[in-house]
Ligand SMILES: Nc1nc2c(ncn2[C@@H]2O[C@H](COP(=O)(O)OP(=O)(O)OP(=O)(O)O)[C@@H](O)[C@H]2O)c(=O)[nH]1
């Protein structure tokens, strides 16, 4: 998306520079010619004092030559740099940006920004730019960047929540969080990162490996749990995920543990059995918070997944993973604007400390700068 924005700014700068220069040159030329014509009307004796005309030149040639010299003189004597500087600006008209706005529309849509959000960005941009007077290329770049940032911040802030999850986790013991989403979005990795953050904030954690559907998921969690020195309740392959969640909660109660993190099997929209199974996990665990994990690289499919889970399970917040690997960046905008639920964290890599609290200002800057 950065590419789309910078290409828009560059093209508009070029347009304004070229047209601004043409307008300036035209003004200077016009002014110069007017002065030359004034001079050509002075009496012939005066002209003779100013210029020596070679013998043998035709009258027409002489006049032309005189005109040319007066033009050169006027250019060198009369046009001061201050005048040029003053003329060097352009007012941006609707027509100047029409084609560029259309190009940007295509690029934003290609970058996974939804139609509604694309329209909003372009409307905001049009309102901010049309009628503005630009005097230098840098001014224009700043103007476009700031206009875009303002619009993106507004979009990203629409459902933003500044909840302090570590604070609210202290209010109820044990605080139970269940994570779900489709296959491979990064649930297990995110749970490990989340456990790391909770520990860093002074909270004790237990993990429930309720993904009994994928054998490797248990091993993956066991690896992270041992690295993070966090207790883990495992289930048998093909076992009942709700029982694993229940056991982990009981264990947290008896061991006075602050937070229970429940991993679940990834499921596609079409997995009716797995969806029913997830409902059961939620019914039995009675989580204090349900987090939907979405993958930034899923494009507009992430929105469809969010709608599916909202309709079938319901959730409180979103964690958006793999933002570091997403060159487009449009999904976050669409999600933040359309879901009606806050994005609370973003995954920015594979390391434990790469789960970052979502912040609209930071994200808007990242998309534009
Ligand atoms: N670059 C990057 N990769 C990530 C991030 N989060 C997760 N991954 C990678 O995404 C892949 C899938 O992650 P998992 O945690 O196994 O995903 P899952 O949702 O638990 O997968 P299933 O259990 O199969 O549904 C792994 O290779 C992770 O390392 C992230 O924020 N950035």
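Quick reminder: no glycine exception, Cβ is built from N, Cα and C everywhere.
Heads up, TrEMBL stuff is auto-annotated, nobody curated it.
TrEMBL lists 1-76 with the feature region 'Disordered'.
The annotation compositional bias 'Polar residues' is assigned in TrEMBL to 1-10.
Look at TrEMBL and you will find 28-37 (among others) tagged as compositional bias 'Basic and acidic residues'.
According to TrEMBL, the feature compositional bias 'Basic and acidic residues' maps to 56-76 (among others).
The GTP binding site feature in TrEMBL is assigned to 181-188, 263-267, 321-324. Counting only same-chain residues six or more apart in sequence, the Cβ atoms lying under 8 angstroms from the Cβ of residue 267 (GTP binding site) belong to 180, 182, 183, 274, 275, 278.
Residues or ranges marked as domain 'SRP54-type proteins GTP-binding' in TrEMBL: 342-355. For the domain 'SRP54-type proteins GTP-binding' (342-355), the residues of the chain that approach it from at least six positions outside its boundaries are 159-161, 163, 165, 186, 189-190, 192-194, 196-197, 228, 291, 296, 317-324, 332, 335-336, 363, judged by C-beta separation under 8 angstroms.
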- Scan 184, 187, 264, 267 for binding-site residues whose C-beta lands under 6 Å from an atom of ligand 1 and note them, or write none. 184, 187
- Note on the structure: Should one count Cβ atoms within 10 Å of each candidate's Cβ, the binding-site residues 181, 184 would be headed by 181
- What are the non-local neighbours of residue 323 (GTP binding site), defined as same-chain residues 6+ apart in sequence with CB under 8 A from its CB? 296, 329, 332, 346, 347, 348
- Enumerate same-chain residues with a sequence separation of six or more from residue 264 (GTP binding site) and a Cβ-Cβ distance below 8 A; give 'none' if the list is empty. 178, 179, 180, 187, 210, 211, 241, 278, 281
- Neighbour tally for residue 187 (GTP binding site), based on other Cβ positions within 10 Å of its Cβ: 25
